[in-house]
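Residues annotated as ATP binding site in TrEMBL: 23, 24, 25, 156, 254, 255, 256, 274. Residues or ranges marked as disulfide bond by TrEMBL: 70-120, 81-104, 87-114, 187-197, 231-240. Residues or ranges marked as N-linked glycosylation site by TrEMBL: 154. For 300-321, the entry in TrEMBL reads transmembrane segment.
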């Protein structure tokens, strides 16, 4: 079993050198903060990723922020107050946006918050329905569950991976050798009908991980892309092809980024974006095997030794544990006695 089914006759290399290159393509229009077209250069970090890349699927924009004083956002619990004593001057707001000035102000008709010194106006997650773990977003005066960049589900991710098994001096790439220059511009990966295409649609990857794109796009998440190479070098190298699998790692992922500029009065401003999206973590594993006389001899010798041990174990069971042990004992051993004149008697 070990020699044949487990290929005990092969020498194996389980630590290949790997290289991964990714490229995202696509475009989507968003209505928030003015109609704007977002393409892969806007929504992907880094622009040409390797083992990790981030695709933006939703955002909250806070434009024209300047350093000054303003009420803290009501989505920050430590910024809530009922009187000035709740806002000790100089204390930073825990998980907030600035330092308390000592005043308690009305943020709106229903909430009072501490005045802070920081970048104003603050990012208000409650306005967008995302404060205190809410899962809604505020668009056009009403709440919905749709992300601003929902069409990013049709973006495509090109994955090029190369493995090199140094023990056998063998390299393989997942790019199909074809004479058709338009093949990679038109193909999309399918595990059954098109397994050789390295171009993946984002929605297909999310669904393969067991998640709905619309739900994951709103608050972000993390997906692991596992690429496995299992190569039998005793056969044609064309059979050495990668297998892809996808699994959900986390259901929340976001970060903030800002762009800075100077106003007409030499006032420093910034536009703040809180970006939600899908982080893709790519892992490549592989092993290759090839016939070698040394592991063959070791596996064969081990098999012979195993059969010898099996014979001994069977004898012990029949001699000492079986109900008919006496009969087996008489058949296996011949009793010999030495007579008075030194003769053997059976």
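Backbone N, Cα and C define each Cβ position, glycine as well.
All TrEMBL annotations are machine predictions without curation.
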Between residue 255 (ATP binding site) and residue 81 (disulfide bond), the C-alpha gap once rounded to whole angstrom: 27
Closest of 81, 104, 156, 231 to residue 197 (disulfide bond), Cα positions, recorded positions only: 156
Most distant Cα pair in Å, residues 23, 24, 25, 156, 254, 255, 256, 274 binding ATP: 24
Inter-residue C-alpha distance, residue 156 (ATP binding site) and residue 81 (disulfide bond) (nearest angstrom): 48
Residue pair residue 274 (ATP binding site), residue 70 (disulfide bond) - Cα distance, angstrom, rounded: 20
CB within-chain contacts under 8 A for residue 70 (disulfide bond), separation at least 6: 115, 116, 118, 120, 121, 122
Residue 187 (disulfide bond): secondary structure state under DSSP, collapsed to three categories: coil
Among 154, 156, 254, the one of these recorded positions whose Cβ has the fewest neighbouring Cβ atoms within 10 Å: 154
Candidate with sparsest Cβ neighbourhood (10 Å radius) among 256, 274, the listed binding-site residues: 256
Candidate nearest residue 104 (disulfide bond) in space, where candidates are the binding-site residues 23, 24, 25, 254, 256 and distance is Cα-Cα: 256
Those disulfide-bonded residues listed as 114, 197, 231, and which of them has the most Cβ atoms within 10 Å of its own Cβ: 114
Which same-chain residues, if any, lie at least 6 apart from residue 187 (disulfide bond) yet have Cβ under 8 Å of it: 194, 197, 199
Residue among recorded positions 23, 24, 81, 154 with Cα closest to the Cα of residue 240 (disulfide bond): 23
From 81, 87, 231: disulfide-bonded residues whose CA lies within 10 A of residue 25 (ATP binding site): none
